Amino acid sequence: MNEIQRTKSSGVKPTPKEHLERMRKGMTEATYQPPDLRKAKKRLKQDVMVHYDFQIPLDMQKIGINKHYYIRTYGCQMNEHDTEVMAGLLTSMGFTQTDKMSQADVILLNTCAIRENAENKVFGELGHLKPLKKENPDVIVGICGCMSQEEAVVHRIMRKHPFVDMIFGTHNIHRLPHLLKEAMFQKAMVVEVWSKEGDIIENLPKVRKGHLKAWVNIMYGCDKFCTYCIVPYTRGKERSRMPEDIIQEVKQLAQEGYKEVTLLGQNVNAYGKDLAFDYSLGHLMDELRLIDIPRIRFTTSHPKDFDDHLIDILAKGKNLLHHIHLPVQSGSSDILRVMARRHTREDYLTLVKKIQAKIPNVTLTTDIIVGFPNETDEQFEETLSLVRTVGFEHAFTFIYSPREGTPAARWKDTTPMEVKKSRLQRLNTLVNQQSKQAMEKYINQVVDVLVEGESRKNEAVLAGYTEQNKLVNFKAPKHLIGQIVPVKITEAKTWSLYGEWVTE
Ligand code: SF4
């Protein structure tokens with residue numbers, strides 16, 4: 001079987017106006033396919049296909065011999081994992097990875113669009129790349145990832161950074177060998193960004209980072225359209241991989257000796273909703289827990305889709321870790337409503353109570369946005385009170401950053417930046433206090449640590465993570481790297497623990 005239909009295909013042709021515009025600019029169909037946020041918002045009911053027959057074109061299979069590639073990754077784990085796929089594609093074409101940009105023949109910037117700050121970093125890097133390209137005109141510079149899915153960004157790169165050779169989107173990663181060929185042999189900039197999500201390609205090669213922890217995509221895209229978020233536009237509609245493909249991948253990782261798998265998706269709790277049969281994340285976790293791999297996590301969750309069945313399955317424990325990252329974004333129901341989060345403060349607290357009742361030792365962490373347009377002091381106080389009530393042990397906290405093309409970016413915002421900054425500071429102080437308190441609970445306890453390597457600050461010390469994702473530093477022989485070992489905690493800091501290896 002080379003492909004199966006689980007959703008219908010959705011090719012989007014350019015409008016006649018777009019076609020004329022391309023003709024006028026002298027750009028061929030093959031070299032110019034720009035993004036369109038309006039099209040990206042549409043959710044078609046049609047199926048996408050799952051393909052099992054991906055191949056690198058014959059004439060590209062050795063193109064990279066004696067050449068190097070360099071990929072810089074910005075943003076989330078989804079991007080990190082996309083980089084692993086691009087590394088796999090380039091390796092299959094004969095390229096060798098390098099850590100030195102100056103040594104590379106192909107340079108890819110895998111970008112993030114979640115906040116303005118992330119985008120500015122990429123534009124800064126492009127500024128540095130210009131002299132390198134001038135010195136070595138044969139080097140291929142490519143921009144990919146979420147920023148490439150934004151019209152304004154693509155136009156800015158074309159206008160201000162014409163030395164870039166390729167721009168391709170998150171739905172076009174499997175097309176990298178073809179795009180690279182065009183970039184190498186044509187003089188025009190290659191732009192290919194499908195606004196509608198493509199099919200699911202199952203057998204793409206990957207070069208994973210490390211041999212202990214692996215990311216496994218279980219689904220792509222998001223249909224929630226929170227009013228501040230660009231992801232549903234850049235990553236397309238929700239598409240779940242077939243369960244058997246995920247189970248097979250995790251089994252394979254277990255055989256290869258991986259110790260931890262993190263299931264990835266923008267909203268993993270929506271897993272299975274688009275499948276033609278009754279199957280959810282709970283069903284998947286129930287099957288995965290039978291695989292002989294010590295640790296299974298998932299990220300990221302949406303409270304609306306977190307169902308009772310999943311809680312029951314997680315409560316079974318074993319290799320399903322009791323650490324849940326559950327983004328709340330705000331503690332105010334009014335703010336959550338304008339964010340279009342589809343849950344209230346009360347819904348969230350009810351869900352947390354259910355989770356804590358069934359999984360008493362659960363560690364909860366979250367994401368919070370402060371200074372959403374027109375957030376009042378009272379609404380911010382509700383966020384602080386929710387953080388205290390739930391007892392989050394860690395939170396990723398951000399000041400709201402408007403994203404062009406999203407509804408919230410069009411709203412007038414009367415809250416001054418100084419107020420937002422001071423709210424962020426107060427929130428961080430509270431989160432840090434709670435983190436420290438949570439860390440202190442571990443003193444004198446023996447915890448299992450997956451030893452990842454030497455500590456970054458001290459070669460004589462080993463570092464690894466507990467099941468709750470707490471960083472532990474301890475002195476022990478290097479042969480423990482790669483193992484899960486018991487460590488007795490002797491000291492707690494805000495973000496890390498110190499301990500002693502328990503030899504017996
Ligand atoms: S659920 Fe997450 S990824 Fe989806 S729109 Fe909301 S914030 Fe963005």
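Backbone N, Cα and C define each Cβ position, glycine as well.
No curator has checked TrEMBL annotations; they are predicted automatically.
Sequence annotations record features per position, and here TrEMBL assigns region 'Disordered' to 1-33.
Taken from TrEMBL, the feature compositional bias 'Basic and acidic residues' applies to 15-27.
The domain 'MTTase N-terminal' annotation in TrEMBL covers 67-185. Taken as a whole, the domain 'MTTase N-terminal' (67-185) shows an average pLDDT of 95 in this prediction.
Here Cys146 ([4Fe-4S] cluster 1 binding site) comes close to Gly75, Asn79, Thr111, Cys112, Ala113, Ile114, Thr170, Ile230, Val231, Thr234, Arg235: these same-chain residues lie at least six apart in sequence, with C-beta atoms under 8 angstroms from its C-beta. Residues or ranges marked as [4Fe-4S] cluster 1 binding site by TrEMBL: Cys76, Cys112, Cys146.
Among the features that TrEMBL reports, domain 'Radical SAM core' is placed at 208-437.
Under the three-state DSSP scheme, Cys226 ([4Fe-4S] cluster 2 binding site) falls in the coil class. If you look up TrEMBL, you'll see Cys222, Cys226, Cys229 marked as [4Fe-4S] cluster 2 binding site.
Under the heading domain 'TRAM', TrEMBL lists 440-503.
Only Cys229, in sequence order, out of the binding-site residues Cys76, Cys112, Cys146, Cys229 have a CB under 6 Å from ligand 1.
Cβ proximity to the [4Fe-4S] cluster 1 site centre (mean Cβ of Cys76, Cys112, Cys146, cutoff 8 Å) flags the following additional same-chain residues: Tyr74, Gly75, Met78, Asn79, Thr111, Ala113, Ile114, Ala118, Gly145, Thr234.
Across the structure, Cys222 ([4Fe-4S] cluster 2 binding site) and Cys76 ([4Fe-4S] cluster 1 binding site) are spaced 15 Å apart at their Cα atoms.
Taking the centroid of the Cβ atoms of Cys222, Cys226, Cys229 as the [4Fe-4S] cluster 2 site, the other same-chain residues with Cβ within 8 Å of it are Lys224, Phe225, Tyr228, Ile230, Val231, Pro232, Gln266, Asn267. Annotation for Cys226 ([4Fe-4S] cluster 2 binding site): same-chain Cβ neighbours under 8 Å, separated by at least 6 residues, are Gln329, Met339, Ala340, Arg341.
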